[in-house]
Amino acid sequence: MKVVLILSVLWVCVENVYTCTCVDIPTNGCNSDYSILGTIIGVIPLGTPPNDARIYNVLVNRIYKANRPLLPLVRIRAYVGGSLCGLLLDRGRQYVISGSFDNDNGTMRTNHCLYTRLLTEIPFRERWNLYCYNQRRESYPQRKIQAR
């Protein structure tokens, strides 16, 4: 009887498990609306589990890509739960954070499936790929070199 009860409880628990599935893992943030290097200076918890989120106050140290102007201090919203592709960022640490802007109010968002990595975990030889050169070249006119 105990075995049947335990198996029933496990079946209910396993039946309600949700996971995050990332189709493609990006190698940088160039396909996102923004990609920055920033230091987490504050965390504001929102909601309750399992749908809780956090607002991260981020001091922008470097901009790799931005589809619109960014202030030196931004707020980025991210879910915490694993089933919502959530992530946890630690205060005082530097991250490369990529994500999207909400169309309605311009809120910046990120999640586990986008390029969000602790800077110290990115190998030095891969850091050059963080710069989104194609977007930069398109935004500035090229100068013509004149022959003398």
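Cβ atoms are placed via backbone N, Cα and C, with glycine included.
According to TrEMBL:
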- 1-19: signal peptide (SIGNAL)
- 20-148: domain 'NTR' (DOMAIN)
- CYS20: Zn(2+) binding site (BINDING)
- CYS20-CYS85: disulfide bond (DISULFID)
- CYS22-CYS113: disulfide bond (DISULFID)
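Recorded features from TrEMBL, shown on the structure.
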| residue | record | CB count, 10 Å |
| --- | --- | --- |
| CYS20 | Zn(2+) binding site | 15 |
| CYS22 | disulfide bond | 11 |
| CYS85 | disulfide bond | 17 |
| CYS113 | disulfide bond | 15 |
Whole-number Å value for how far CYS85 (disulfide bond) lies from the residue listed as 'Zn(2+) binding site' (Cα to Cα): 5
Rounded Cα-Cα span from CYS22 (disulfide bond) to CYS85 (disulfide bond), Å: 8
